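Q: Got a structure here, written out as structure tokens. Questions coming.
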């Protein structure tokens, strides 16, 4: 489990031959993608832009060129991919949402309860519920006994209808995961899914957990690129996939993963790292365009105290949605206000 006190954000501006301009954004998450701010800038200014500037190409060719330009560097690729989508949409005189084929609708969002003492976590949760959230995410994995006590306390304190998402962040062995989840099941805690209970590389362990509990298991850190998603599907290792633009390389790759999962009857959630509202807005735009993305975990910008907000991202009463502004938009309020 990581504690994040600040994030560094890279913004990319792309200008097409037509004069259309697009903006993309990404934040490095070294423990997950292996990227730093410096490596992202080097990848964008180096192999990615070199490949894009080599010749004139179509929009789809440009998207694939970004992915083929270098190995890894998925967050850097995501920033450029998002910028290309915005620029191409502008060149057509339409919005990003129209380009993707979606609609600006409120999406039920969740809110994370930060790890703390039971009473403090209860107070956090009640604040979130008062702001309209009906789904809360709880991070676990530090101490099994204390984690269980916290979850049971929150479950007993929550009003009827509140749903819990449990995120273990790779903390358990397969057998520990099964034991913990079975205890939640025995207490009838309303858990929608348990996210990434075992190490990202351990698909056999992930499959073991899935086979031995009734609660749906979601792959997060295991599900990075389309290749990783396909491995999970082939191994029958998870019931659900968590797609994040920073892990997979952008909007185009996220759609491919959602397509693969849909063919295998695995619903998807769109999530984010600790990112700015600019990249999270792109993720929100994607949700309404794909029928297999049925869950949303896009609360990261609400944790940021200082950020020039994207006018395309709106939060309202436990929901989030992509917005094409015709007038100034209020910034999302920080949790620390």
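Heads up, the Cβ atoms here are built off N, Cα and C, so glycines get one too.
Small disclaimer: the values here were computed from a predicted structure and weren't measured.
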Q: Pick from 147, 220, 239: which one does TrEMBL list with 167, 195 for the same Mg(2+) site?
A: 220
Q: Please list, in sequence order, the residues in the chain of residue 112 (substrate binding site) that are at least six apart in sequence and whose C-beta is under 8 Å away from its C-beta.
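A: Those within reach of residue 112 (substrate binding site), by Cβ under 8 Å and sequence separation of 6 or more, are 136, 137, 138, 139, 299, 303.
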Q: Please work out the number of neighbouring Cβ atoms within 10 Å of the Cβ of residue 244 (active site, proton acceptor), leaving out its own Cβ.
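A: Taking all protein chains shown, residue 244 (active site, proton acceptor) has 28 Cβ neighbours within 10 Å.
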Q: Is it possible to get the count of other C-beta atoms within 10 angstroms of the C-beta of residue 139 (active site, proton acceptor)?
A: 20
Q: Between residue 272 (substrate binding site) and residue 244 (active site, proton acceptor), how many Å separate their Cα atoms?
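A: Residue 272 (substrate binding site) to residue 244 (active site, proton acceptor), Cα-Cα distance: 5 Å.
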Q: Around the Mg(2+) site (167, 195, 220), what further same-chain residues have their C-beta within 8 angstroms of the site's C-beta centre?
A: 165, 166, 168, 169, 194, 196, 218, 221, 242, 271
Q: Could you give me the DSSP helix, strand and coil counts for the domain 'Mandelate racemase/muconate lactonizing enzyme C-terminal' (118-216)?
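A: Helix/strand/coil tally for the domain 'Mandelate racemase/muconate lactonizing enzyme C-terminal' (118-216): 50 helix, 15 strand, 34 coil.
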